[in-house]
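Please read the structure below before turning to the comments.
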Amino acid sequence: MAKVNSCFKGLFVFFNILFGIAGGVLLTLGILAHSFYHDHEEFSSMFVGVVVLYLMGGITMAISFLGAYGAFKEKKWPLIVFAASMALGFCGLLRAGTLVIILRPEVKSETEEHFRAILPLDEAAPEFKQVADMLQTQLKCCGLFNGYQDWRSSIPDSCRCSRWDLESDKCERVEAAMRFDEELDSDSQQLVYKQPCFPIIEKYMDRYFNMATGIIFGFAFLALMGLIMSVVLIWYIKRRDPPAPMIFSFNQDPPKYTQLYNPS
């Protein structure tokens, strides 16, 4: 009769505690996003993501509790539910990670086409100009693909190099035919950032795609480990509790009976 290894059981319980903490983190992120953005106009576009965080966090915590309870009490049914959940989670995460890898070039290509469609920037809609200004200010770049030439003869102030970058190789001088939205009071203010913005955006996209892929496959690996450990624990418990043997009776004595009284 096999005995459940106490070290292995403790490791499995510890694994489920970490798994539950990860679920708590997801749930906390959902709560924070809900409380921070619920009054903003863009919350409607984020609602699905917040609900996904709620669901993933709650389900993860519930599954981790089942696994820890089944291991601690050495009961098979919670471990079977846990193993089935881990198998489904592993398959789902593997599919999601594969889709991220497959769709990555398509998303990048569509994003580039979207940005190229709004060129030249000086003729773009006001909302696109605001986005471009924000990107240029935060990323220290100018234009999208061709530097300040994407703005043609009207360069916004957000393209100007800050005084901390004037002596670096990040800046270039504009041509005489170009002009800024405001009058320049010094020759140095004709320097603009020479790095276009889209290559920087593309680097951030690659970074986020790599991060998402790593997180998805990392959770898939954890799900696989949880599946393997739960199956091993179920096997230990099954070996420890063999089925009760069937008892056969070989008594050759005839069954006892009572003869009914028949007066005839």
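Just so it is clear, glycine is given a Cβ too, placed from its N, Cα and C backbone atoms.
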If you pull up TrEMBL, which of C141, C142, C171 shows a disulphide to C159?
C142
Just checking, which of C141, C142, C159, C171 (disulfide-bonded residues) has the fewest C-beta atoms within 10 Å of its C-beta?
C171
Can you tell me the CA-to-CA distance separating C171 (disulfide bond) and C159 (disulfide bond), as a whole number of Å?
10
